[in-house]
Amino acid sequence: MINLRKTHPLMKIINHSFIDLPTPSNTSAWWNFGSLLGVCLIIQILTGFFLAMHYTSDTLTAFSSVAHICRDVNYGWLVRNLHANGASMFFMCLFLHVGRGIYYGSYLYKETWNIGVILLLTVMATAFVGYVLPWGQMSFWGATVITNLLSAIPYIGTSLAEWIWGGFAVDKATLTRFFAFHFILPFIITALAIVHLLFLHETGSNNPSGINPDADKIPFHPYYTIKDALGLMLLLLILLLLALFSPDSLGDPDNFSPANPLNTPPHIKPEWYFLFAYAILRSIPNKLGGVLALLASILVLLVIPFLHTANQRSMMFRPVSQTLFWILTANLITLTWIGGQPVEQPFIIIGQLASMLYFLLILVLMPLAGLFENYMLKPKW
C-alpha cells in the first residue's frame with residue numbers, strides 16, 4: 001500500500017518537516033520556543049483579522065472604533081485582549097528563543113541565525129506600527145518620537161521623516177499607511193519563518209551539548225509533537241490568564257486617552273518589549289548617536305557568529321561564558337527597567353553603564369572568555 005504521507009507532493013513536505021524529521025534525542029524545553037512562536041504568529045494573525053473587520057484607520061474614528069470593538073462586538077473585548085497580550089507572549093518567546101541560540105551556540109548555523117535576526121526586526125516593526133493603531137495618547141506620541149528619529153539621518157533625514165508621515169507630522173496619512181503595514185507584515189513574517197525552517201532543516205537542529213547529534217536521533221513525531229503540545233498548553237494558559245484577569249497590566253494608562261497633539265504625556269515610553277532598546281537610545285545624549293546605538297543593539301546579533309572563539313559550541317561546559325551570559329541577561333532586565341523610568345539621575349548613569357556593558361559583553365568579554373576557556377582546557381604537561 002502506498003503511504004500518502006510519504007508520496008503526496010504536499011504531504012511529503014509536511015512529513016519531512018514535522019513527522020519523520022530526525023531530531024536530536026536530548027533537546028531540552030528551550031527548543032520548544034520555535035513552535036510556540038509559530039503558534040503566537042497564528043494567534044496574532046487570526047485575532048488581528050477579526051479586529052481588522054471592525055477597526056477604522058481614520059484619526060477621527062480609530063479610537064472610538066477600538067472602544068466599539070471592546071463594548072459592542074461579540075467577544076470583541078476578548079479578541080482585543082488576546083491580540084494585545086499575544087504580542088507580549090510573542091516577544092517573551094522571541095527573547096527566550098534568541099537567548100537559547102546564544103547560550104547553546106545555535107548561531108553557528110549562520111543562514112538560519114541571520115534570517116532569525118531579520119525576523120526579529122520585522123516583528124519589532126510590526127509591533128511598533130500596531131501600537132500606533134488604537135490612536136491613544138501613547139500611540140500618537142510614541143509614533144511621533146520614533147519616526148522623528150529618522151530626521152537624525154544627515155541630509156535626507158527630514159525628507160525621509162515627512163515621506164513616512166505622508167505630511168508634516170504624524171496624522172491621518174500616517175495612521176492609514178501604518179494600518180496597511182500592520183496588515184501585510186505578518187504575512188511577510190510567515191514567509192520568512194518558512195525560510196528560517198528551510199535553512200534549519202538543511203543542517204538539522206542543534207542540541208544542548210553542542211556535539212554533532214547524528215549518531216543519536218529520533219523521529220519528531222510522537223516525541224516532540226507531544227512535548228510541543230505541553231509547551232502550547234502552558235503558553236495558552238499564561239496568555240488566557242493575562243487576557244482574562246489582567247488584560248491592561250502590560251499596557252500604558254495614557255493609551256486610554258484619545259490622541260491629542262497639543263498635550264504631551266509626562267513620560268513617553270514604548271511597550272515593555274522595546275524598553276531595553278529605548279534605554280540604549282536614551283543613554284546617548286546625541287540624536288544620531290542614539291539612533292545608531294538603537295540599531296546596533298539589535299544588529300549586534302549579526303556579528304555574534306563571527307566572534308565565536310571557543311573550541312566548544314555550547315556554553316554547557318563553559319562556566320566563564322555561562323557567568324557572562326547571565327550577567328548579560330541581568331543587564332537586559334536592568335535596561336528594560338531603566339527604559340521605563342524618567343530621564344533623571346540616578347537612572348541616566350545606570351542606563352549609560354548598562355548600555356556600555358551590553359556592547360562590551362557581546363563584542364569583547366564573551367569572545368575573550370572563549371579564548372580563556374580554550375587555554376584552560378589545554379593539557380599543561
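Any Cβ shown, glycine's included, is placed from N, Cα and C.
Annotation source Swiss-Prot lists heme b b562 binding site at His83, His182. All protein chains included, His83 (heme b b562 binding site) registers 21 other Cβ atoms within 10 Å of its own Cβ.
For His97, His196, the entry in Swiss-Prot reads heme b b566 binding site, with the evidence type similarity to another entry. In sequence order, Thr112, Ile115, Gly116, Leu119 make up the list of same-chain residues 6 or more apart from His196 (heme b b566 binding site) whose Cβ falls under 8 Å from its Cβ. A helical conformation is recorded for His196 (heme b b566 binding site) in the three-state DSSP classification.
Counting only same-chain residues at least 6 apart in sequence, those with a Cβ under 8 Å from the Cβ of His201 (ubiquinone binding site) are His16, Ser17, Leu21. Per Swiss-Prot, the feature ubiquinone binding site maps to His201.
Look at Swiss-Prot and you will find 33-53 (among others) tagged as transmembrane segment. Outside the transmembrane segment (33-53), and at least 6 residues removed from its termini, the chain residues within Cβ reach (under 8 Å) are 69, 79-80, 82-83, 86-87, 89-90, 93-94, 96-97, 100, 182-183, 186-187, 189-190, 193, 228, 231-232, 235, 239.
What Swiss-Prot records for 77-98 (among others) is transmembrane segment.
Under the heading transmembrane segment, Swiss-Prot lists 113-133 (among others). Away from its own ends, the transmembrane segment (113-133) comes close to residues 55, 57, 62, 66, 87, 90-91, 94, 97-98, 101, 106-107, 139-140, 142-143, 146, 174-175, 178-179, 181-182, 185-186, 188-189, 192-193, 195-196, 199, 270-271, 273-274, 298-299, 301-302, 304-305 of its chain (Cβ-Cβ under 8 Å, at least six residues beyond either end).
Among the features that Swiss-Prot reports, transmembrane segment is placed at 178-198 (among others), with the record citing similarity to another entry.
Residues or ranges marked as transmembrane segment in Swiss-Prot: 226-246 (among others).
The annotation transmembrane segment is assigned in Swiss-Prot to 288-308 (among others).
Per Swiss-Prot, the feature transmembrane segment maps to 320-340 (among others); the stated evidence is similarity to another entry.
Residues or ranges marked as transmembrane segment in Swiss-Prot (evidence: similarity to another entry): 347-367 (among others).
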Rounded to the nearest Å - Cα separation of His83 (heme b b562 binding site) and His97 (heme b b566 binding site): 21
Same chain, 6+ residues apart, C-beta under 8 Å of the C-beta of His182 (heme b b562 binding site), given in sequence order: Gly48, Thr126, Val129, Gly130, Leu133
Winner by Cβ pairs under 8 Å against the transmembrane segment (226-246), considering only 77-98, 288-308, 347-367: 77-98
